[in-house]
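Chemist: What follows is a single structure, and I will ask about it in a moment.
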Amino acid sequence: MTNQSNPLAFDRYAFGADFVWGTATAAYQIEGAVDRDGRTPCVWDTFGRQKGKIKTGETADVACEFYDRYESDLLIHKELGFNAFRFSIAWSRMLPDGVGPRHGGRINEAGLAFYDRLIDHCLRLDITPWITLYHWDLPHALELKGGWPNRKIVDWFADFADVCTKAFGHKVKHWIILNEPLAFSVLGYFTGQHAPGRRSFRNLLPVIHHTALAQAEGGRIVRQNVPDAQVGTTFSCSPIDPFTPSDQAAAIRVDALMNRLFIEPALGLGYPTRELPFLAGIAKKVAKPGDMERLAFDFDFVGLQHYFRAVVEQSYFMPYLWAKDVSPLRRNVQTITEMGWEVYPESMYRIIRQFGQYEGVKKIYITESGAAFYDRVEQGIVNDQARVEYHQNYLQQVLRAKQEGLPVEGYFAWTFLDNFEWAEGYRPRFGLVYVDFRTQQRIIKKSGRWFQQLLTKETFVGKH
Ligand code: GAL
């Protein structure tokens, strides 16, 4: 069915019958109900209440009311034709004390029951649930005990993974350990733009190391409790280009930080200390004997979360990295999203190739990709043509990688519903479904209808 005369045209059959088509979401961004049925605050609740932390001054107290609306929302998801739904479990809804029973904490039965209902509803609709264990919502109770800089977090997280997999492992067979370790460690504890908003270099190495340990430890717990599970974890990733030929070394350093920092220890390759010498401080000052071996875990798949490429240049003002981003604006790039990110479809192909080159990477899923554009409702319709083109063009590059034999086996659009976009508030809309946050009305956007065509119609040809 591929239209040969049009290189942009494709249909779903080109991706193969087993290709996974999903959307990705995160508990904190959609659930709301932050103080209901025994849930306790997470770091984003407390961070968001501090003045100036969320650009729009908004909170996620209500968000998309997914906690109450999951049944009707998933009917829409079904209507769009997706066969997989990625969501995360709010740690403090399951374990209100942060710690689990092994450390004297309670399991919140009402929280457990919510996820149980959600999973059952997915299964009833023939939608495969993919669970992310950690999508950034650390219980505030654990932040009070030191958060990610405290080594005990590795045990606390293991407890949480243990409780979740024992509760749902008989029904859920796709597990993701962490969502983008780089983002929550660096933005949360070094630059302070994300919760818990701490800013210190002293914390950075311990946070990185504990996160990498938790990543592997979580993998081992899932494997042990759900032996027939597919276990993976996700990475934010971007091909890094030098601005001028003399910025090559800078690009190599940024690549080590942005793309290699968390996957290489998992693959048994250690931290990229040659390119980033400051990371040697982990082995010298932070790690305990035996840690370096514990960093490795044989994941069944890696999840790539890819949105944009980065172009960088040498900079003497940025300690440790000696490099900085050259913004799309400075490069005169016209195609940027509302987040200021460059739309550059070929970067999807390049990043799949880059990760596919690791011997230990067996399978790749694109666990997030998507774009925020300014959406308008006109006569009940959201005509988000730019988002249609984004997904179409990025998918085309996924297909190109697949046709070259790279093991890419699924695509999760970020995201199902417009939602709470962290420190940006509700303004950037990434959804395939528009949410009116005053009335909670849902409107399927043109991009949602485009996916529906692709996934459910026999006559689909990608180009519009
Ligand atoms: C990812 C994150 C998502 C979402 C998305 C768009 O980094 O995992 O939660 O916010 O970016 O910015």
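Yeah, the Cβs are placed from backbone N, Cα and C, and that goes for glycine too.
Worth saying up front: this structure is predicted, and the values here are computed from it rather than measured.
Among the features that TrEMBL reports, active site, proton donor is placed at E180. If you look up TrEMBL, you'll see E368 marked as active site, nucleophile. Residues annotated as substrate binding site in TrEMBL: Q29, H135, N179, Y307, W414, E421, W422.
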Chemist: Using a Cβ-Cβ cut-off under 8 angstroms and a sequence gap of six or more, which residues of the chain neighbour the residue listed as 'active site, nucleophile'?
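Modeler: Looking at Cβ-Cβ distances below 8 Å from the residue listed as 'active site, nucleophile', excluding near sequence neighbours, one finds A24, T234, G303, Q305, H306, Y307, F412, W414, T415.
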Chemist: Can you check what DSSP calls the residue listed as 'active site, proton donor', collapsed to helix, strand or coil?
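Modeler: Coil, per DSSP.
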Chemist: Listing them in sequence order, which of the binding-site residues Q29, H135, E421, W422 have their Cα within 10 Å of that of the residue listed as 'active site, proton donor'?
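Modeler: Of everything listed, what lies within 10 Å of the residue listed as 'active site, proton donor' (Cα to Cα) is H135.
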Chemist: As a check: which entries in N179, E180, Y307, the recorded positions, place their Cβ less than 6 Å from an atom of ligand 1?
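Modeler: Checking each Cβ against ligand 1, the ones under 6 Å are N179, E180.
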Chemist: Taking the Cβ of E421 (substrate binding site) as centre, how many other Cβ atoms lie within 10 Å?
Modeler: 22
Chemist: So if I measure Cβ to Cβ from H135 (substrate binding site) and keep only same-chain residues at least 6 apart in sequence, which ones fall under 8 Å?
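Modeler: Listed in sequence order: A26, A27, Y28, S88, N179.
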Chemist: Tell me, how many other CB atoms lie within 10 A of the CB of Y307 (substrate binding site), whichever protein chain they belong to?
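Modeler: Other Cβ atoms within 10 Å of Y307 (substrate binding site): 24.
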Chemist: Can you check which residues sit near W422 (substrate binding site), meaning Cβ under 8 Å from its Cβ, same chain, 6 or more apart in sequence, and list them in order?
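Modeler: Counting only residues 6 or more apart in sequence, the Cβ neighbours of W422 (substrate binding site) under 8 Å are Q29, W44, I54, W136, H194.
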Chemist: How many angstrom lie between the most widely spaced Cα atoms of the substrate binders Q29, H135, N179, Y307, W414, E421, W422?
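Modeler: In whole numbers, the farthest two Cα atoms are 18 Å apart.
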Chemist: Enter the number of other CB atoms within 10 angstroms of the CB of W414 (substrate binding site).
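Modeler: Here the count is 24.
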